[in-house]
Amino acid sequence: MKHNEVFGWTLKVLSFLLVVIPANALDKHGWRKQSIYSLLTDRFASTNPKPCNPEDREYCGGNWRGIIDKLDYIQGMGFTAIWISPIIKNIEGRTKYGEAYHGYWPQDLYTLNPHFGTEQDLIDLADALHDRGMYLMVDTVVNHMGSSDPRNIDYGIYRPFNQSSHYHPMCPIEQDKPLSLEQCWIGTEDMTLPDIDTENPQIIETLYNFIHDQVKQFKIDGLRVDATKHVRRTFWPGFCESAGVYCQGEEWTGQADLFCEWQEYMDGLHNFPVQGVAAESVIPLNDRALRKTAIAMNLVAHHCKDSTLLGLFLESQDAPRLAALNNDYTVLKNAMTLNLMSDGIPIVFYGQEQMFNGSHDPVNRPALWDQGYNTDGPLYQYTSKVNKIRRDLINSEDGEIYIRSITHAIMIGDHVMVMYKGPVITFITNYGAVDKEYLIKMPGSETMIDLLTCTLIEVEGEVMRTSIKKGEPKILYPYQLAFRDGFCQEQITLQEIDDVFMGRNEINGPDRK
């Protein structure tokens, strides 16, 4: 069936489908203001914790009740939403790649994963979040089902798509061919994922009704959509409209112009063009990575319809932990600052705040209970501080201007990036604990204050001089606005700049009038 015919059927389905937005659900504008803590349900918290060896690739016992018990830990860092693993029943047993503890090998769309808990457990999790003013984002998989044996697939185990005719014919994916990406099967010769025929009108209707009912039943506020690019683009607007909530899709490409095309079909996307280079910027002696990050941020801002609706992340279950690339705490603080203060909705992966250092799957997916829920750790405390600054900026008198402003990034040398977002100027460095001083020329004469240290930075004439000490990040805000909005109500200090420059650069900032 041709895509235009399928699109026509999609519109017909939607005309008959009653779309009810859940009472607690956020629209895309509400999600723009959130800060998301992403977690693997099986590895974050358990009501019966046991030692977990991630290299075994087995279920370790994490569950929804465990998450409820640890919401104080998440909220203590300032996060306002969580993103949990797919909730539906997956295939059982061991495959060549282990068990389906991650949730991405579905078997039954209408049954919850019993390893994670009951229907009531999931509803209680949603209620517990909403009672705190927090929100629930659920990962969803509708591109494929799971199979442990690609040579002998038993379609009868799947629900509701239990016939081979419900799937595209098996074929290997060719990455440079869009139709192949959409209709061929993800996997290897040892394990493959049967690709659902999302061109079939009856299947479209089934999936749209499924997600509508699931969101309503379990009080879901937003969806993370797996394998977005492996389903034709025109499928997604109807899917998200049926859900009645904000969707954030996985379109894994580093090319900003191609990436941004997808925002015509889904409001939210994981910001892969920025993530790919920003994560590399923590690698020691990687002189060009931070510059590439600034370029990527500006390209995404230019090409995308609205970069403030994207999800900005640096760690994930598919990527090395940042501390595996560099365990310098100062560098990781800067990375967290970038993660939380750039355009879009911040997403922090569980354990990032504890400086997990797994370099690859599966060792980058340990159980948090084995490491401990240390709320006194330096990066946990720092994450809480920056999240609070972001939240206070959003709640300020000019909060809407701030959160909707598009970031413009410029570089000073190879190791300092300056991000301008509305009235906020954020300095990010990646050279570690080294003293340097940078002379920034800016129009106007506003005294600024560093919201991280409550240090005043005076502007003389049209020149602001600010000293970056030991590679520390900075979040600058006009002092008059800070006073009005209640920032830094305790002790304020005046910046001291050494007379001897260990490194000096000059740059003209953009006109911010």
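Cβ atoms here come from the backbone N, Cα and C positions, even for glycine.
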Ca(2+) 1 binding, same site as Asn143, Glu182, Asp195 - Swiss-Prot member from His102, His230, His270, His302: His230
Disulphide pairing with Cys171 per Swiss-Prot - partner from Cys184, Cys240: Cys184
Cys304, Cys488 - which one Swiss-Prot pairs with Cys454 by disulfide: Cys488
Candidates Cys60, Cys240, Cys304 - disulfide partner of Cys260 as recorded in Swiss-Prot: Cys304
As recorded in Swiss-Prot, which of Cys52, Cys240 forms the disulphide with Cys60: Cys52
Neighbour-count leader, CB within 10 A, binding-site residues: Glu182, Asp195, Asp318: Asp195
Same chain, 6+ residues apart, C-beta under 8 Å of the C-beta of Trp105 (substrate binding site), given in sequence order: Asn90, Ile91, Thr95, Met145, Gly146, Ser147, Leu193
Recorded positions near His144 (substrate binding site) (Cα-Cα within 10 Å), from Asn162, Glu182, Asp195, Asn357: Asp195
Among Arg224, His230, Asp318, Asn357, which are recorded as recorded positions, the nearest neighbour of Glu182 (Ca(2+) 1 binding site) by Cα: His230
Nearest of the recorded positions (Asn162, Arg224, His230, Asp318, Arg365) to Asp195 (Ca(2+) 1 binding site) - Cα to Cα: His230
